[in-house]
Amino acid sequence: MTNTPIIPRVGIATDAHQIEAGKPCWIACLLFSGADGCEGHSDGDVVAHALVDALLSAANLGDLGSFVGVGRKEYDGVSGTQLLTECRELLESHGFTIGNGAVQLVGQSPKMGPRREEAERVMSEILGAPVSVSATTTDHLGFTGRSEGRAAVATAVVWK
C-alpha cells in the first residue's frame, strides 16, 4: 500500500473596484457605516472577491468571472458572504479541503484595524477554515492612495 502525500495547492488573486459615493461599503463581509462602497455588479467587497478568486485559483477551478460571470441577473448585488459560501461548496463538491486564506485590503478607508478580528471570525466561519485579514495604505500613492478605489490581494491553500 502506497501512501500518497497530500500536496497543498496555493492560489493567489487580486481584486480592485472604484469607490462609488453613496453605495453601502462592504469589506470582508462586514458593513462599514459612514464609508462609501465600491461599484460593481455585486456588493463591491474587494476582500471577499479576492479570497474567492484565490480559492478558485488554488483548486484550478477558474476565476471569479467564470464562477459567477458578469451580467447574470441572479448575481446582481450578490454579497461577499454568498460568494464565499458558494465557492466553499464548489470546492467541497470537487473534493477539496480549504486549509486557510489570507487577504490584505489596500486603501485609505475604511480603517480595518478596529474590526479585523470580527472580519477574520466571520470569513473563517463561512469557509470553515482560518482566514487572516490585514490592511495597508499606499501612503497616498496610486488610485487607492487618492481614495478613488480599493484593492485586495489574497492567497489561499487547499488540498485534495
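Using the three backbone atoms N, Cα and C, a Cβ is placed for every residue, glycine included.
What Swiss-Prot records for this protein:
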| type | residues | note |
| --- | --- | --- |
| BINDING | Asp15, His17, His49 | divalent metal cation binding site |
| BINDING | Asp15, Ala16, His17, His41, Ser42, Asp63, Leu64, Gly65, Thr136, Thr137, Thr138, Asp139, Phe143, Arg146 | 4-CDP-2-C-methyl-D-erythritol 2-phosphate binding site |
| SITE | His41 | site 'Transition state stabilizer' |
| SITE | Thr137 | site 'Transition state stabilizer' |
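One residue stands out among the recorded positions His17, His41, His49 for having the most other Cβ atoms within 10 Å of its Cβ: His49. By a simple count of nearby Cβ atoms, those within 10 Å, the most crowded of the recorded positions Ser42, Thr137, Thr138 is Ser42.
For Thr136 (4-CDP-2-C-methyl-D-erythritol 2-phosphate binding site), the same-chain residues lying six or more positions away in sequence with a CB closer than 8 A to its CB are Gln104, Leu105, Val106. Inclusion criterion for the recorded positions His17, His41, His49, Thr137: a C-alpha placed within 10 angstroms of the C-alpha of Leu64 (4-CDP-2-C-methyl-D-erythritol 2-phosphate binding site); this criterion is met by His49.
Taking CA atoms as the reference points, Phe143 (4-CDP-2-C-methyl-D-erythritol 2-phosphate binding site) and His17 (divalent metal cation binding site) are 10 Å apart.
Of the listed binding-site residues, namely Leu64, Phe143, the sparsest Cβ surroundings within 10 Å are found at Phe143.
Cβ neighbours of Asp15 (divalent metal cation binding site) (same chain, under 8 Å, six or more residues apart in sequence): Val46, Val47, His49, Ala50, Asp53, Leu64, Ala151, Ala152, Ala154. Rounded to a whole value, the Cα-Cα separation of His41 (site 'Transition state stabilizer') and Thr137 (site 'Transition state stabilizer') is 25 Å. Straight-line distance linking the Cα atoms of Thr137 (site 'Transition state stabilizer') and Ser42 (4-CDP-2-C-methyl-D-erythritol 2-phosphate binding site), rounded to a whole number, equals 24 Å.
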